[in-house]
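Structure first, commentary second.
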Amino acid sequence: MAVQAFPAIAAVIPAAGVGQRMQADKPKQYLRLHGKTVLEHSVQPLLSLESVGQLYLALSADDPYFAATGLTDPRIIRVEGGAERVHSVLNALQHIDAVRYPWVLVHDAARPLVRRADIQLLIERCLAAGHGGILATPVRDTMKRGQQQVQHTVDRTDLWHALTPQFFPTALLTAAIGGALAAGVAVTDEASAMEWAQQSVLLVEGHSDNLKITRPADLQLAAFYLEQNR
Ligand SMILES: Nc1ccn([C@@H]2O[C@H](COP(=O)(O)OP(=O)(O)OP(=O)(O)O)[C@@H](O)[C@H]2O)c(=O)n1
Ligand SMILES: C[C@](O)(CO)[C@H](O)COP(=O)(O)O
């Protein structure tokens with residue numbers, strides 16, 4: 001029996017989106033990428049961690065695609081998604097026994113290139129710090145705010161792209177998301193809710209190829225990255 005290096009961890013995969021920006025004939029998490037669905041690629045690195053005891057997959061109630069994936073790991077528990085990503089995540093969190101699984105990883109189904117090593121680094125850094133955190137990459141371009149015209153340049157000092165997974169104490173995160181939603185706060189990632197709850201959030205630099213499949217060109221880019229010796 002291998003010694004468990006980390007405490008028991010639950011994982012949540014929000015996978016109930018329709019992928020409107022992808023303009024595809026099915027939700028982007030079910031598009032094929034190197035012989036597997038995007039979802040399978042996104043889930044595999046989390047399932048490869050012995051410390052992940054349960055993986056909650058938030059799917060649309062009428063999802064007709066999941067059954068055809070190769071995802072049969074007994075740790076996978078299907079739950080119903082919600083109107084927005086945050087509702088899918090919260091519904092999954094509310095199924096977790098936070099005593100048995102005191103920590104939770106939340107990872108987008110649309111991020112198929114996440115590296116196992118980056119997930120392990122996130123967990124190690126957060127456990128050492130004693131609070132949660134996120135994988136992120138520093139912004140490299142000059143950033144502008146505006147619509148048709150530039151309003152102004154945004155100072156990019158200490159500016160990061162938030163990625164996933166995001167890793168937090170289960171009970172704290174569940175309470176923070178519920179509170180932030182009740183307060184009318186826009187919660188587009190788990191860290192937004194933890195910031196609202198005035199909890200510390202660690203920034204852990206991950207690889208910039210951990211992209212979110214969002215628009216059509218992203219799938220080709222993901223395939224290109226997979227062909228590199230990563
Ligand atoms: N109601 C929703 C909306 C999104 N997601 C998931 O949240 C992740 C990130 O969201 P996003 O990239 O915005 O996916 P979609 O909402 O599907 O994309 P779009 O906004 O283009 O429709 C995806 O894995 C998506 O499946 C979810 O579980 N439940
Ligand atoms: C959670 C996330 O991937 C972090 O960057 C991002 O906020 C998801 O945003 P989306 O609009 O739901 O794609």
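These residue numbers are counts, starting from 1, taken along the chain as shown.
Glycine is no exception: its Cβ is also placed from the backbone N, Cα and C atoms.
Owing to the predicted nature of the structure, the values given are computational and were not obtained by experimental measurement.
Pulled from TrEMBL:
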type: SITE; residues: R21; note: site 'Transition state stabilizer'
type: SITE; residues: K28; note: site 'Transition state stabilizer'
type: SITE; residues: R156; note: site 'Positions MEP for the nucleophilic attack'
type: SITE; residues: K212; note: site 'Positions MEP for the nucleophilic attack'
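Of the recorded residues, K212 (site 'Positions MEP for the nucleophilic attack') and R21 (site 'Transition state stabilizer') place their C-alpha atoms 12 Å from one another. Counting only the Cα atoms, the space from R21 (site 'Transition state stabilizer') to R156 (site 'Positions MEP for the nucleophilic attack') is about 26 angstrom.
Cα of K28 (site 'Transition state stabilizer') to Cα of R156 (site 'Positions MEP for the nucleophilic attack'): a distance of 30 Å.
In the vicinity of ligand 2, defined as a Cβ distance under 6 Å, the following of the recorded sites R21, K28, R156, K212 are placed: K212. Taking Cβ-Cβ distances under 8 Å and a sequence gap of 6 or more within the same chain, the neighbours of R156 (site 'Positions MEP for the nucleophilic attack') are V139, D141, T142, M143. For K28 (site 'Transition state stabilizer'), the Cβ neighbour count at a 10 Å cut-off comes to 27, with all displayed protein chains included.
The Cβ neighbour count for K212 (site 'Positions MEP for the nucleophilic attack'), using a 10 Å radius and every protein chain shown, is 18.
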